[in-house]
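As given in Swiss-Prot:
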type	residues	note
BINDING	56, 58, 112, 131	Zn(2+) 1 binding site
BINDING	60, 61, 131, 169	Zn(2+) 2 binding site
């Protein structure tokens, strides 16, 4: 089984480092900065970077790709529908890619960007989802529509509850504060907010999450819940009870929260 660690980058990014201790090969996900990865490789001289996996084209996710490829010769895989530097493998919905001996399924999840993809491995209960699904929240809509993002999140929400969710930003605390504003009487949200507040005070990261936890605490996956619908309508009187409309209202509310 592979080991996964977070390499912090910039203010709140995580570059996920996937490691196979038997082969001493590793892969990274969304290296916006090459420096943390190169530092790790220098400290672990007998390891080889074999793959660089990209979820979308934003610079804080691809900024280190070319330097890493030049230094290591790693294979670069990313969404075919977006401009990804030094890409070797074009990926689209339902494609399969083998990384560190594991065959990942590609899921198209447009919304944050139009070509955004996620990497899913069922047997490992592993989801690498970039900026689509966050712990307690979801990505902003820079390119896609609310309907697209709601559909993408619904697709991720249908994965098994035990699926571990590896997103790429430490936004959990602010997301849960918003979730508490939406559902102030949800005990799961209150408990998670308190727990993550303690973790962050201790300097601990809040990831990975799980699909089960997100279904209980993430308002963007709870658009059919009566309390969430009521909160969305209270915030936007024009909002209907239709789930994608509830999502759109919540996303607009979060953007100014």
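Heads up, the Cβ atoms here are built off N, Cα and C, so glycines get one too.
Quick caveat, the model's predicted, so the values are computed rather than measured.
Structure with Swiss-Prot features highlighted.
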residue	record	DSSP class
56	Zn(2+) 1 binding site	coil
61	Zn(2+) 2 binding site	helix
112	Zn(2+) 1 binding site	coil
131	Zn(2+) 1 binding site	coil
169	Zn(2+) 2 binding site	strand
- prompt: If one looks at the chain holding residue 56 (Zn(2+) 1 binding site), which residues at least 6 apart in sequence have a CB under 8 angstroms from its CB?
  reply: 79, 82, 112, 113, 115, 116, 117, 130, 131
- request: Specify all same-chain residues, apart from the site residues 56, 58, 112, 131, whose Cβ lies within 8 angstroms of the center of the Cβ atoms of the Zn(2+) 1 site, ordered by sequence.
  value: 55, 57, 61, 113, 116, 130, 132, 139, 142
Task: Fill in the CA-CA distance, residue 169 (Zn(2+) 2 binding site) to residue 58 (Zn(2+) 1 binding site), as an integer in Å.
output: 13
Query: How many other Cβ atoms sit within 10 Å of the Cβ of residue 131 (Zn(2+) 1 binding site)?
result: 25
Cβ-centroid neighbours of Zn(2+) 2 site 60, 61, 131, 169, 8 Å, sequence order: 13, 30, 32, 56, 58, 130, 168
Field: Chain-internal residues near residue 58 (Zn(2+) 1 binding site), provided their CB is under 8 angstroms and they sit 6+ positions away
entry: 32, 113, 131, 142
Fewest-neighbour residue among binding-site residues, criterion Cβ within 10 Å, set 61, 169: 169
- prompt: Which residues, sitting 6 or more apart from residue 60 (Zn(2+) 2 binding site) on the same chain, put a CB under 8 Å from its CB?
  reply: 9, 10, 13, 32
Task: Specify the count of other C-beta atoms within 10 Å of the C-beta of residue 112 (Zn(2+) 1 binding site).
output: 26
